[in-house]
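Data block below; observations after.
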Amino acid sequence: MLRTHTCGELTIKDVGKKVILAGWIDRIRDLGGVKFLMLRDRYGQTQIILSQNCQINLRRESVVQIEGVVQKRPEETINKDLLTGEIEVFAEKVNVFSSPEKDLPFYPGETKLPAEEIRLKYRYIDLRRKEVSDRIITRHKVTQCIRNYLSKNGFIEVETPFLTKSTPEGARDFLVPSRLKPGTFYALPQSPQLFKQLLMIGGIDRYFQVVRCFRDEDLRADRQPEFTQIDIEMSFNTMDDVLEITEGMIKHLFKEVLQVDLPGKLDRLTYNECMNKYGSDKPDRRIGMEFFDLSKHFKTCEYHAINAELSSGGVVKGFVVRDFANKMSRKLADELNEIAKSLGGGGILWFSFDSPESIKGAGAKYLQKNYNSVAKELSINYNDVCVLSAGKIDIVNTVLGEVRKILGERYFSDLRKGFDIFWVTDFPMFEYSEEENRFVAQHHPFTMPNLDDLKKYKNSDLSKIRAQSYDIVINGFEVGSGSIRIHDAELQREIFKLMRLTEEEVKLKFGFLLEAFQYGAPPHGGIALGLDRLTAIICGVPTIREVIAFPKTSSGICPLTGAPDVVNQKQLDELKIILGGDHCE
C-alpha cells in the first residue's frame, strides 16, 4: 500500500495514528532548521514536519511518500481554511518517487498564472491546480447524475459508430481515409443523429449517450473541434414529452450538483417572441432591457432617416438601460453605431435626461418631442438611457440584440447572477443560404415541420414554415437543441426536394435512412445538450476550455501534443494519398 490516507482526509480525530501519505510537494518552508512541507493531492493539503536529521534534497513538485504520525498543531498555527488545518504529520520516513529535473514553467500553488497557451501546453501541470481538478470532478458528477437520471427513467445507453458515412448538410466533416479501400473516406460524426433515429426504428424506444462529436468548422472564440453532447431520443412521444423529461433531468442535476432548486415549469418563448423582445434566440434575460415597438411615437418627426424607414414599412424599436447616463459617453455611442452599421443597420439613436427638463443624445435637437413621448410610455427617469434603432424589423432586432448583449456583458455583471433557464420553440424550418443559392435546414433536414405551415407556404415562402424544434437556453447560452423527427419517407423526400437536393444526392447521402423508413418507423424525437457548456455554466467559468481535460485552442491546435501535424510518407503511401496545393512541409 503506497498510502493509507489522502491529503484532505486527516482530522483531529486521527491524532496519534501512524499514516502513509503520498502526493506533490506544494511548498517548502525552513524555520530555524525545522522544515515544513505542504503535501498536496487532488483531495487537499496536509502539513508535514521533517525531522532535523532528514538530509534528503527536496524540490517543489517532487512526488513523495511520507510515513509518519499525526499530531495536533500548536493552537497558534491552526489553519481554519484547510480541512486538515488542525493537524500535521511528523515524518518518520520520506521516500521520493520522482523529482523535477528543472524548474517548472509555472507552479500550481502560485496565484499569478501564465498565458492560457502555456497552461494548455503544460496541461498536466495545470491539472494539479485545485480549481482545475475541481472542475473536472464536477464534470464527472454532472455526467454521472445525468446517466443515473436517464437510466431510472427507462433510457438505455447505446454506443453509435465513430467511423461513419459523410453526409455534408451543415458544418464540414472530419474525414478519415480508408487504407483497405483506397480513395474512400469515413467521416467522424457531427452528431449521432441518423443512428439514433435508426435505433428508434429498431425498437430501442428510449436511448441516450454521452458522446463525442466532431465538426470541422471555422472556430469561434469558444468552440472546440471535438466536443461532448448528452444525446437523447425517444419514441411514441410529443414535444411536451421531450421537454418534460429534459426539464426533470436539468432540475435533478442542479439539485444534486449545486443544491439549487429550480422553479416548477420552465418558461416557453417562441423564436419570434425572443427575437422581438431581445433580438436573440438565446437571450440572457437576467439583464432585462426588453425591446418595445416605439414606431407610433415617431409618425411625425423632423428626422428624415426615421421618416424614410417608417414610410418603407420599417419600425422604430428601443430598450431602456437603467442608471446608465453617466456611462453613455460619445466614445461608447460611436462604438455602438459602428456595430449597428456592421450588422446592416443605419446606426443607433439614444437619449437620456440631463435634468428633468433637459434631454441629451443623438438627434435630440430634432426629436425632443418624440423622445419625451417615449420617456413617458417607458417611465424613463433621470440617469436612464433609451437606446433605439430604426429600419426593417429583422435588422433592428439584430442590431438592438447585439447592443443589448454588449452592454450587459460589459456593464451589468452584477445582474448576471443565478440561473435563467427557459425553452425557445417554433424555430424557422428553413433559412436561405446566399452561398448555396437555396434554402437549407436551419436545424437539420430530419426535423418535423409544422404541417399546417408546410401545406400553406411550401409553394410560396419557405422562410415562413416553422419547425417542431426547440432549444433550452441557460444564461444566454443555447445549451441544448432538439426536435420531433420526420418518420415518413415521403415527407422526408418532400423536405429534401424543397431544399433542392437531387434524387441522386438524396440516395447517395441518405438512402439508407429512407429505406429504413419503409420498414416501419415510429413517431420519435429527442434533444442533444452540450456537456461542455452545461458544465461550464455550473462551474461558473466563461469558457468551455476550463472544463475539458485537454482542450484545443480557439484555432483548433493542441499546444500539448502539437496536433494537427504532418505524417510520414509511408503513412501517406499506405493510404494512397498524394498531397497537393498549399500544405505545410
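Don't overthink the numbers, they just go from 1 along the chain as shown.
Glycine is treated like the rest: Cβ placed from N, Cα and C.
The feature L-aspartate binding site is assigned by Swiss-Prot to Glu169, Arg215, His443, Arg485, with sequence analysis given as support. Here the Cβ of His443 (L-aspartate binding site) has 20 other Cβ atoms within 10 Å, regardless of which shown protein chain they belong to.
Annotation source Swiss-Prot lists region 'Aspartate' at 193-196. Averaged across the region 'Aspartate' (193-196), pLDDT for the predicted model comes to 94.
In this structure, Glu217 (ATP binding site) belongs to neither helix nor strand by DSSP; it is coil. Within 10 Å of the C-beta of Glu217 (ATP binding site) we count 13 further C-beta atoms, all protein chains included. Swiss-Prot lists Arg215, Asp216, Glu217, Gln224, Glu478, Gly530, Leu531, Asp532, Arg533 with the feature ATP binding site, giving sequence analysis as the kind of evidence.
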Collapsed DSSP category at Arg485 (L-aspartate binding site): strand
Neighbour tally for Arg215 (L-aspartate binding site), based on other Cβ positions within 10 Å of its Cβ: 19
DSSP residue counts for the region 'Aspartate' (193-196), split into helix, strand and coil: 4 helix, 0 strand, 0 coil
Rounded to the nearest Å - Cα separation of Arg533 (ATP binding site) and Arg215 (L-aspartate binding site): 16
Site extent for ATP, whole Å (max Cα pair distance, Arg215, Asp216, Glu217, Gln224, Glu478, Gly530, Leu531, Asp532, Arg533): 20
Spatial separation of Glu478 (ATP binding site) from Arg485 (L-aspartate binding site) - C-alpha basis, Å: 20
Neighbour count (Cβ, 10 Å) for Leu531 (ATP binding site): 24
Densest Cβ neighbourhood among Glu478, Arg533 (binding-site residues), 10 Å radius: Arg533
